[in-house]
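Visitor: Below are the features listed in TrEMBL for this protein:
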TRANSMEM  80-98  transmembrane segment
TRANSMEM  151-172  transmembrane segment
TRANSMEM  202-223  transmembrane segment
TRANSMEM  229-251  transmembrane segment
TRANSMEM  258-280  transmembrane segment
TRANSMEM  300-322  transmembrane segment
TRANSMEM  400-419  transmembrane segment
TRANSMEM  425-448  transmembrane segment
TRANSMEM  460-479  transmembrane segment
TRANSMEM  485-504  transmembrane segment
DOMAIN    514-563  domain 'Cationic amino acid transporter C-terminal'
TRANSMEM  516-535  transmembrane segment
TRANSMEM  541-559  transmembrane segment
Amino acid sequence: MEEEDQQNPQQRSYWSRWSKHDFFPEPTFQNLSSYKDALSHTPSRLKDRLLHRSSDSFELLQLPKQSENRMKRCLTWWDLVWLGFGSVVGSGIFVITGQATREYAGPSIVLSYAISGFSALLSVLCYTEFAVEIPVAGGSFSYLRIELGDFVAFIAAGNILLEALVGSAGLGRSWSSYFASMFRTDDTDFLRIRVKSFPDGFNLLDPIAVVVLLVANSIAMSGTRRTSVLNWIASIASVFIIVFIIIVGFVRGNTANLTPFFPFGAEGCFKAAAVVFWSYTGFDMVANMAEEAKKPSRDIPVGLIGSMSLITVVYCLMALALSMMQKYTEIDKDAAYSVAFEAIGMDWAKYLVSICALKGMTTSLLVGSMGQARYTTQIARAHMIPPWFALVHPKTGTPIYATVMVTLVSAVVALFTSLDVLSSVFSFSTLCIFMFVAIALLVRRYYVKDETPKNDLVKFLICLFVIIGSSIGISVLWNADKRGWIWYVVFGVIWLLGTLWMAFLPKHRVPKVWGVPLVPWLPALSIGINVFLIGSLGYVAFLRFFICTAVMVAYYLLVGVHATYDVAHQIEQESKTEEGNQSAS
């Protein structure tokens, strides 16, 4: 019976895929003996995976077959613009602004948002070029797999999943805080359950966050088009409330609250920029919807670049309005805007603001759930996690299993973990992925396998090393409190020379439809800013990130490398067999 199921998977019900073959179909995992044999060949298999790069056609044509059913092309540029707006606005401005303003930046939070917005826009440009030419559900995972290889893509995949889980959990926790603030502004934790025996940061259990995550993800599973329509209707309504917040902040606010503008110095402003980068995350979820866009070459650039430009302006104005309404030392860390309205005597407005915040976070959860599930789907298609998660439901056209997995794990994280713990991990993972995508774009333009001369490749790698190295140098200087201008000039000149040298190298690939302008300058600048922001996150964020990455590498060596090796060589053997049959005929 099991052999019949393996041969005719599409004849089985979507809900009956529970055999061992559905989760681990690769030869390595057939029995204990085959697994032991595979482990003994780990070094050679790891070398094979390190040197392997995927291709555009493989990601576009071969991998989607693993899902058995195709996702439905039902999204237009209008849907993508509002998916971008809905996924981003709410995931940060209402969530992390209070903490970043009070603890890191003060009124200079406005500049922090401008810096992060500029960095995000550079990343958006890089994402857009890839998404137009490779419109698949995997987003940055697929882009990195094509240009930087399987291992780098896996590390990114692990961080993508970490980002998805942490991001959803953080939104769920903040939803709960804003909901609580509608009843009690003096204690936004009163609806949470305190467990004294648990360590700080994990001792406030949040069942409301769990319920919100379950409801939002259930809606996302019901269908892409339905979720998109619900999102853009709700997002348009929230625009009016956002305009109200900005106008009231400017009219009723006090400019005296903007002094001192840099209470924590420039260091605090940049540290806040790294933390509030969370506010801009979500646009990559729009790139994940590329497989469902009707006209990717038109819809994706308009959706991504248009929504991000608008969002940056909105964020800066909202941050300025908050800083004027209330002194930075009095801003509430969890529900900043609703508490600020109460402070200026507009008690009734705090309910309107809280409703807007709750709406924004709900749509962020909806769009985030869609994007996260599609990330997971593409990772599962590549067999880096069990291919069971890649299955798309024939009626809804959505990856239900992948959505359920993300939902359950993020709900557990949201139940235990506080917002400050989540934000630093999330920002680190996101910034690293954006940096890798910028590097991948440079590789895509300057290196084509079997076409780029070795001499050109060596020169390109030297330039890339100089750009990354000088960016790290500037970040290290800044975080070591070295404020003398000489060394900054030295590393800045090194970065400039490395980028200038790369600009004179011949490009071996030209974008077919839409390309990032000013290559290599804009991607190199994106690398520099992301590295700088990563360096501003602090020791604890690095520690948490490297512990998570170590766990990912252990999983890769024990499972991922063998599954992807088996699949790659199985496909290669099938291709040779087909070529042989065609030659014989």
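Cβ coordinates come from backbone N, Cα and C, glycine included.
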Visitor: Where else in the chain does the transmembrane segment (300-322) make close Cβ contacts, counting only residues six or more beyond its ends and a cut-off under 8 Å?
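Guide: Here the qualifying positions are 77, 79-85, 88-89, 92-93, 97, 101, 109-110, 112-114, 117-118, 120-121, 124-125, 127-128, 131-132, 135, 242, 245-246, 248-250, 253, 279-280, 283, 286-287, 290, 293, 331, 336-337, 340, 514.
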Visitor: I need to check the long-range neighbours of the transmembrane segment (202-223): which residues 6 or more away from its ends have a CB within less than 8 Å of a CB in the stretch?
Guide: 168-169, 172-173, 175-176, 179, 189, 191-196, 230, 362, 365-366, 369-370, 373, 396-398, 400, 403-404, 406-407, 410-411, 414-418, 421
Visitor: Roughly where does the domain 'Cationic amino acid transporter C-terminal' (514-563) sit in mean pLDDT, to the nearest integer?
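Guide: Taking every residue of the domain 'Cationic amino acid transporter C-terminal' (514-563) together, the mean pLDDT is 87.
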Visitor: At a threshold of under 8 Å on Cβ distances, which of 151-172, 258-280, 425-448, 460-479, 485-504 pairs most often with the transmembrane segment (400-419)?
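Guide: Out of the listed stretches, 151-172 contacts the transmembrane segment (400-419) most.
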Visitor: If I count Cβ-Cβ pairs under 8 A between the transmembrane segment (425-448) and each of 151-172, 258-280, 485-504, which range comes out on top?
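Guide: Answer is 151-172, with the largest number of Cβ pairs below 8 Å.
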Visitor: Which residues, given as numbers and ranges, are at least 6 beyond the ends of the transmembrane segment (485-504) yet have a Cβ under 8 Å from it?
Guide: 442, 446, 459-460, 462-467, 469-471, 473-474, 477, 520-521, 524, 528
Visitor: Do any residues, 6 or more residues outside the transmembrane segment (151-172), come within under 8 Å Cβ-to-Cβ of it, and if so which ones?
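Guide: Sequence-remote neighbours of the transmembrane segment (151-172) are 46, 49-50, 54, 90-91, 95, 139-142, 144-145, 206, 209-210, 212-213, 278, 281, 361, 364-365, 368-369, 371-372, 375-376, 379, 382, 384, 406-407, 409-411, 413-414, 417, 419, 422-423, 425-426, 429-430, 432-433, 436, 548-549, 552-553, 555-556, 560, 564.
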Visitor: On the DSSP side of things, how many residues of the domain 'Cationic amino acid transporter C-terminal' (514-563) fall into helix, strand and coil, could you say?
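Guide: For the domain 'Cationic amino acid transporter C-terminal' (514-563), the helix, strand and coil counts are 40 helix, 0 strand, 10 coil.
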